[in-house]
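Per TrEMBL, substrate binding site is recorded for A:Arg350. Marked as domain 'Aminotransferase class V' by TrEMBL: A:34-341. The N6-(pyridoxal phosphate)lysine annotation in TrEMBL covers A:Lys198.
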2 protein chains.
Amino acid sequence: MSSQPSHPTLLIPGPIEFDDAVLQSMSHFSESHVGPGFVATFGETLSMLRKLFQTTSSSSQPFVISGSGTLGWDLVGANLVEAGENALVLSTGYFGDNFGDCLKVYGANVDILKSTVGSRPQLPEIEQALKSKKYKIITVTHVDTSTGVLSELKSLSETVQRVSPDTLLIVDGVCSVAGEEIDFDAWKLDGVITASQKAIGCPAGLSISMFSGRAMEALEARKSPPASYFASMKNWRPIMQNYEAKKSSYFATPSPQLVHALHTALSQILTKPLSERFAKHAEVSDKIKKAVTDLGLKQVASDPADQAHLMTAIYLPESVKGTDLLPKLANSGVIFAGGIHKEIATKYIRFGHMGVSVTDPARTDISKAIDALKGGLSACGYQTS
Amino acid sequence: MSSQPSHPTLLIPGPIEFDDAVLQSMSHFSESHVGPGFVATFGETLSMLRKLFQTTSSSSQPFVISGSGTLGWDLVGANLVEAGENALVLSTGYFGDNFGDCLKVYGANVDILKSTVGSRPQLPEIEQALKSKKYKIITVTHVDTSTGVLSELKSLSETVQRVSPDTLLIVDGVCSVAGEEIDFDAWKLDGVITASQKAIGCPAGLSISMFSGRAMEALEARKSPPASYFASMKNWRPIMQNYEAKKSSYFATPSPQLVHALHTALSQILTKPLSERFAKHAEVSDKIKKAVTDLGLKQVASDPADQAHLMTAIYLPESVKGTDLLPKLANSGVIFAGGIHKEIATKYIRFGHMGVSVTDPARTDISKAIDALKGGLSACGYQTS
């Protein structure tokens, strides 16, 4: 039984429901950010991130910085691409488009490759784009939270390696890390940025990322200094290295309570093989997708191969408005999210299924949510069977 | 009695000791960042910040963004000064110097006005500098955490108004807000940036700031777009306005738990007149300064009028090393900070005295710290009387 007060179950694509121990870590008594106790906690947290991202290369560099997931885009834009350099952005929704906007702020020449809502750019067109000019970086949104479209990383990486091996491959894993498989070394990724509040299961407030040795070399080889102060990897990298070596160090004050919560969340995740965690998320997702299909509903991500395992973006029946359905779900104790992709915002809803709601056998969040969805649609006058 | 587990009392110049209710708010169950419950909490928090900064002008704009206090410098550098414009930075230590470094990253032409360690630039030289060229902004560190030097804002503002009224006056109040008097409207300030973990008494992880209508006009009048994405006030301003109007809105995910803790901390602070809070911090500071003087020790801030009321930077006796003394204090249950100003780093220690350690009559933190300091110095061989 959770020790948390009774509350509606939060099943949006992040923030998600929290384990009690993670939430209790948020109330950790005050510690110095440069004292040995917290330095050890932060150092262990960074080392655990290497395991989460499946990287054993000593040149890989984890970062944990106070901020939203969005700050990860600035880390990429201000450090790994310089004004006038080319960036190829693969977009599968709102978040891909905005990643591109962020890169433009830092002066990158951004080409956005996108397809119709619910699908994703295909390898032949990506290959063609990569051959058309020299790109410093290519970015891909692993799961675009606005559409639930899952991008394929392994074959994308093989294409980049073959066609444009100097291009850095950067993954927005905000809505995928700790739920979808990511094999940082084997897939030769150069950067994965994420946030604390999605499948990692920690409260929001931390930008979490992993960059390759190659990305760190690109940082050092910059002709101009990083284009941000707070988001400068040159400012943060020695701090992260010191914390991981259990040495105190200061650039800007981290959040000890959030780092404690992240430490607890990662410790829990790493008690089991990651493969088991990914499989569990896939199994529960399949069950949800089947229920959605059985209800006669379509997903925004049209091809089953492109459907994320951590969330489901569901088109509403024509007769049902999200503004009618979502409050009914809330009355049943389940919070879903509305649409966010501007082309279809009012036509769909989003159901997040990650973290303890999926992995904790004591919780019945998912079946409760499916029942609530059925009941809510019915109450909106939609015949569900 | 605190419900927190027994731990050494943290008396560094931030983070500080927390009230139980604030820490409990950190464990708030998960809520949607765009749901009505959290939107109301965030909106009330922004409105309470107006009271904390003593601004009733509807054109003043509060911001609460996930990040460290340092992010506030980027807010100023990326939004209120454009590449090639002039910035005058008044420096009284490490943090003033680094604020200047941050502004340079965004292309400002930075002139730093500083004096010897422990003192501060005086009005005649500031006036002379302001007359020498057109400055878009002037920045001042209200309390430089590296030296404990307090800058005077009221007469500085009068000078700026008289000599260079178009120049925006920006205050780094990271180590002053909620402890030192700041009268935003009356003193015609254009920006005050701070952080959650100092005198406000909330865990670290939030950049908190207030900007004037004039600063917002300067933002809108920019010739170039803001030079950051995550730190773009143009991206955040409508979000803050929506939250305060209790409307849901999204740019990047805020940290509901930290915002709940900030809400609790501000609610507590605002139960009493701010003047009482400032007076209490001054009274306790006077007591600490007297004890330090009675021990035969000097402060880094040489002129009593320039000594902060929220911290004391204390020169060590020549015979005592900080690396010997600080562990002895820790053994007595009190955590002080070492030096951070590079010119004198090994020669002094820092004692933070703000928040509940000062205001909660049930706590004996300050007298325990003074006793520990006496005992520690004595154990290091220093004759204290």
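Any Cβ shown, glycine's included, is placed from N, Cα and C.
Heads up, TrEMBL stuff is auto-annotated, nobody curated it.
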Rounded distance in angstrom between the Cα atoms of the residue listed as 'N6-(pyridoxal phosphate)lysine' and the residue listed as 'substrate binding site': 14
Local confidence of the domain 'Aminotransferase class V' (A:34-341) - pLDDT mean: 98
Among A:Lys198, A:Arg350, which are recorded positions, the residue with the most C-beta atoms within 10 angstroms of its C-beta: A:Lys198
